[in-house]
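Q: The following feature annotations were taken from TrEMBL:
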DOMAIN    49-235  domain 'Dihydroorotase catalytic'
BINDING   H60, H62, D152, D308  Zn(2+) 1 binding site
BINDING   H62, L63, R64, N94, N281, H312, F326, G327  substrate binding site
BINDING   D152, H179, H232  Zn(2+) 2 binding site
ACT_SITE  D308  active site
DOMAIN    347-425  domain 'Amidohydrolase 3'
Amino acid sequence: MGLVLKNGRLLNLETGEREALEILIVGESIAEVAEQIDAADHETIDLNGNLILPGFLDMHVHLRQPGFEAKETIETGTAAAARGGFTTVACMPNTRPVLDSPELIRYVYEKTAQEGSCTVLPYGAITKGELGEELTDIAGLKAAGVIGITDDGVGVQSSSLMREAMRTAAALDLPVVIHSEDEDLAKDGCMNEGVVSKRLGLPGIPGLAESAMIARDILLAEDTGAHLHVCHISDAASVELVRHAKSRGLKVTTEVTPHHLLLTEAIIDQTDASDANMKVNPPIRTEKDRLACLQGLLDGTIDMVATDHAPHTEEEKQRPFQTAPFGFVGLEIAFPLLYTELVQTGHLPLHELVKKFTVNPAQVFKLDRGSLTVGKVADLTVVDLDTERTITGEELKTKGRNTPFMGKTVQGWSVLTINQGRITYQGK
Ligand SMILES: NC(=O)N[C@@H](CC(=O)O)C(=O)O
Ligand SMILES: [Zn+2]
């Protein structure tokens with residue numbers, strides 16, 4: 001007994017064509033893709049002409065468990081992922097305790113098996129406790145199943161420690177995933193350094209705090225042969241550095257968030273920094289930076305979209321701008337936002353956007369995902385491109401309400417998500 005998806009259109013990611021094909025799922029895998037499938041022995045779902053896409057991958061998510069369950073849990077975070085069309089998320093280790101030991105990596109896998117609504121691939125920390133002082137047991141983390149190492153949330157300040165981490169990671173074929181931030185340059189900043197921070201009298205984080213660290217780490221990656229993956233790129237000079245590294249054939253990849261593609265620091269200017277739901281790290285920057293990120297995504301310098309889903313409690317986000325924590329939720333709204341703002345406006349074709357959520361992250365992290373052909377894992381999402389919905393707190397499955405996009409009306413919402421053959425989200 002399997003499941004046949006009828007009356008859907010499968011998006012061909014090479015040509016952009018929408019093909020009237022049916023899919024038979026048996027167990028965890030795709031058993032058949034054909035114009036017509038005999039459904040006599042199977043359950044069927046009528047997709048009402050909606051579009052079938054490979055399940056999305058998000059390589060930058062904060063699930064907050066263990067330790068910060070008031071912000072999010074593996075259960076709520078993966079439910080949000082499924083609603084957003086995601087079937088795989090990579091979770092960040094800045095939990096409490098930090099994911100810096102094989103036992104904690106096994107904990108994430110076990111918890112996901114019990115409560116998860118998508119595949120969760122954990123990153124392990126580069127340094128114990130993300131304190132930047134002592135390397136973790138990187139080989140032990142790899143054996144426990146990490147897909148990369150990162151101290152996301154903070155930058156690794158010590159160049160010699162980073163060099164050592166990259167040497168080890170290169171030998172283990174593990175990506176080194178960097179939160180690029182020179183703390184000395186970033187000081188105690190709470191927003192982008194520039195005209196707006198000056199007007200508001202708030203301490204700024206210069207783009208240089210990001211780009212200087214990326215420059216260092218590109219050189220270290222060249223020195224060690226490590227695969228360097230740059231998290232949440234946000235600054236024009238950073239994009240140029242990655243472009244240059246790629247042109248020289250270095251193993252350097254990067255991701256960009258929907259908020260850095262769509263917003264500028266004007267959102268803080270307009271609200272006089274009265275709303276910490278506009279506060280994120282790296283900060284939302286200038287129009288020049290935003291356009292550089294967009295151009296980087298279009299020309300392939302930036303490999304993929306990642307949400308940097310970073311839930312916080314409403315109480316935390318009600319604090320004054322300077323003391324509230326950084327971060328936005330993003331899993332449930334990323335695809336509709338970018339479909340509405342980039343595809344419908346003609347910046348890029350739909351299938352190109354979909355690649356940045358599917359085949360590109362799969363390829364960069366060497367995951368056998370992102371393709372809907374026979375024998376592959378049945379990870380997919382069905383998207384209704386036409387129905388408009390307004391982003392409201394009530395509908396969100398994440399515990400977080402911290403997004404600057406609240407109240408925005410967008411289209412391109414998932415109506416069905418299937419992870420390893422199992423329905424993980426079904427909605428309107
Ligand atoms: N992006 C954020 O603003 N915050 C993240 C940390 C991070 O991704 O750097 C968090 O953990 O809250
Ligand atoms: Zn980060």
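Glycine is no exception: its Cβ is also placed from the backbone N, Cα and C atoms.
On a predicted model such as this, the values are computed, not experimentally measured, just so you know.
Mind mapping these onto the model and telling me what they sit next to?
A: In the three-state DSSP scheme, H62 (Zn(2+) 1 binding site) is classed as coil. If you take the C-beta of H62 (Zn(2+) 1 binding site) and look for same-chain residues 6 or more apart in sequence within under 8 angstroms, you find K71, E72, G77, C91, M92, N94, D308, H309, A310, P311, G327.
In this structure, F326 (substrate binding site) belongs to neither helix nor strand by DSSP; it is coil. The Cβ of F326 (substrate binding site) lies under 8 Å from the Cβ of K279, V280, N281, A310, each of which sits 6+ residues away along the same chain.
Cβ-based neighbour count (10 Å, all protein chains) for H232 (Zn(2+) 2 binding site) stands at 25. H232 (Zn(2+) 2 binding site) falls within neither a helix nor a strand when secondary structure is assigned with DSSP, and so counts as coil.
When secondary structure is read from DSSP and collapsed to three states, D308 (Zn(2+) 1 binding site) falls in the coil class. Every protein chain shown contributes to the tally, and the Cβ of D308 (Zn(2+) 1 binding site) ends up with 29 other Cβ atoms within 10 Å.
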Q: Any idea what the Cα distance is from H60 (Zn(2+) 1 binding site) over to H179 (Zn(2+) 2 binding site), rounded to a whole Å?
A: 11
Q: Can you tell me how far the Cα of H232 (Zn(2+) 2 binding site) sits from the Cα of L63 (substrate binding site), in Å?
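A: Cα-Cα, rounded: 17 Å.
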Q: Sequence gap of 6 or more, C-beta under 8 Å: which same-chain residues meet both conditions with respect to H179 (Zn(2+) 2 binding site)?
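A: Correct list: T150, D151, D152, G153, V154, G155, C231, H232.
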Q: Ligand 1: which of the binding-site residues H60, L63, N94, H179, F326, G327 have a Cβ closer than 6 angstroms to it?
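A: The ones that qualify, in sequence order, are N94, H179, F326, G327.
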Q: Select, from H62, D152, F326, each of the binding-site residues with a Cβ positioned under 6 A from at least one atom of ligand 2; if none does, say none.
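A: Listed by sequence, the hits are D152.
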